[in-house]
Structures are given as structure tokens and as C-alpha cells.
Amino acid sequence: MSILEQVQPIETMLPERYYTMSTEDMEKRVREIKEKMGKMLFIPGHHYQKDEVVQFSDAVGDSLQLAQVAASNKDAKYIVFCGVHFMAETADMLTTDDQVVILPDMRAGCSMADMADIEQTERAWKELTKLFGDTMIPLTYVNSTAAIKAFCGRNGGATVTSSNAKQMVSWAFTQKERLVFLPDQHLGRNTAYDLGIPLDKMAVWDPHTDSLEYDGDIEEIQVILWKGHCSVHQNFTVKNIESVRKNHSDMNIIVHPECCYEVVAASDYAGSTKYIIDMIESAPPGSKWAIGTEMNLVNRIIQQHPDKEIVSLNPFMCPCLTMNRIDLPHLLWALETIERGEEINVISVDKQVTAEAVLALNRMLERV
């Protein structure tokens, strides 16, 4: 493969004609193909997707929910995953060999997942083992690459979601004295703190300097947090909360645990995407909410609950930019290529990586 092909793979190039089609025509074609293919086609859509995509999704949920739903669907030959790359990887690992997982736009990545690559992680593990010996177990947020999941699998660790992080961190401490949590330092910190681990027992590993950030006696360290974060949830601040408290004293503040510790501590509630959705759903009419999570989801919640006053915690918030790469034109392009008997943007994880990553996934699924 030439350098040019590596830099600009043809699969990522949306044909020009899709830019000139009307929304009405694109929606009509998507409906036609869905009807024609029937059960042979399954379209999972993440909560953070645009409405123009979600309207055609056969299931809407978080990344692991969608991968599990895809895996339970044995009728579908084609799974067109409307999410980001690591989600499609998980779907590929959990589905059968004769099912094809397609990502409509290969540029739909995740900045947080990319903050922990396998070379950095192997190097960190080697250095940390010099310091702590065989006292550590790795856990990775499902928002990570297949290679990182595989690393955890072969080192006795597991995956976690924002819904089950407490259960999995508790389990980890029944296995080893110390936890290495990848790639989101905030979810790791917030979860460990909720379980009673003091902040001064937590250190941060910086993969760019290959160094441990900690001021005390390293023998006191219980949790080692990878220095990664969600670019969306990083944008919610304590100042946002102070502004809401000042201008809307009766407004409830609910945030995702990917927000930093200070924001979570200052909020009224914190929990997974499902937790946020369920909390708003069960709230009484007339209640007021400021939500600290991705903007497409916040806007959808606002539309679904006109009886409640709901705003984004950060009034200048934007959607997840990489998630937003999946749009109606790319969805239609993926479907029309399938209709022609072609396959583009196929997600296929190496068999050895899959085997080890599934170990990590199954250790979680067996316990939640």
C-alpha cells in the first residue's frame, strides 16, 4: 500500500453527489433500502447521534448496549453502526464472523479512546510494574480501542461502563491491591472516590512524559489514573454550575461522571447516559434541570419533555464533533453500497485482539 493510500483511503471519501441531494430524497432512499433489506439490515444509533440519523436507528442506546443488541441480532447480515470507531469495534468483536459491521464514516473516532494507544500502555505497564510489582489490575472504560481492551483481557482485567463502574472497581480490588484505570481519569477518579478511596491515594500516569504524577509516598497509592479525558465533558466547569445556582436556584444539576471531579462534586446528581435519561423521565412536570452531557442528547431530551424546563449546563456547548461525522449523507452512502452488493468502511478486528478483548468484556458481563 502506498503512502497516499494510507493517508487518504478511498473508503472515507463521500461521493460528491451526496452533497447535492436534498434531505427529502436522502430520507426517501434510506427508507426504501431499509424496507427492501428488512431483517438483513440492522442500524444501531448512539444517544449522541444527530436526529437525522437517530430517526432511522433500529435501536438507540449507549455503546455497550448497542454492541450487545447487535450481537443478539442473528438475522442481520449487515450492521451499520451509527456511532464512533471503538463502538463499531466492540460490535464486530461480539457478533458472528458472517456478520459485517460497517461504520458510515471512518473519520468518526473518539479523542478519549485515542488518548491511550497500545504502545503507550505497554510501556506504562512495564514502568509501573517496576514500581509496584504484581499488585496491579487494569480496568478500561469501554470507550477505548480494541487493543486496550485486549491488553486488559490478557492482564487479568476487565472493561467497565459508566453504569457499572462502581461494581467493577469494587471487583478489581478483590483481585489486586492497586487499580490502573484507562483511559478516562475523571470516570476513574469519581468512581473510586464514591467508593471511599481518598483523592490523596490516587496518582495520575502521564503517557506523554512516561511519568507518575504524585506527591506522596507511592506505597500509599491505590488507584493509578490514565491522563485522558472526554473532550466534550471537559467543557463543563464549576463556573457553569455557579452561574446556574445564581440565576436558577431551584434548578437541579445532573452531569455525566466523565466530567471532572470538581464538577461532579458540585452537582446534585451524576450518572451514566441512561441514568440521566431515566432521571429526567421520572422527574415531575414543571421540574427544572441543567444537564451536563453531549448536546445532541440534551436537545433530544428537551424535545421529549416539553413539560419540564431543561437547559444545557454549559450554554455554549457544542455536540461531539467526531460523533457528528455520522450524518444522513454518509448513512445513505453506506446503505446504497450494501444495496449494490459492495462493502465499504468494514470494521474487522484482528482475531487474537478479539479473543483477548472479549475476555475483558466477559469478565464485566459476568458480574453486572
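Even glycines carry a Cβ here, placed using N, Cα and C.
What Swiss-Prot records for H46, S63, Y141, V142, N143, S162, H256, P257, E258, T273 is iminosuccinate binding site, and it gives sequence analysis as the kind of evidence. Neighbours of H256 (iminosuccinate binding site), defined as other CB atoms within 10 A of its CB across all chains, total 27. A coil conformation is recorded for H256 (iminosuccinate binding site) in the three-state DSSP classification, outside any helix or strand.
Sequence-distant neighbours of C230 ([4Fe-4S] cluster binding site) (same chain, six or more apart, CB under 8 Å from its CB) are S111, M112, N143, D184, H186, E258, listed in sequence order. The [4Fe-4S] cluster binding site annotation in Swiss-Prot covers C110, C230, C320.
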Rounded to the nearest Å - Cα separation of Y141 (iminosuccinate binding site) and C320 ([4Fe-4S] cluster binding site): 18
Integer Cα-Cα distance in angstrom, H46 (iminosuccinate binding site) to C320 ([4Fe-4S] cluster binding site): 12
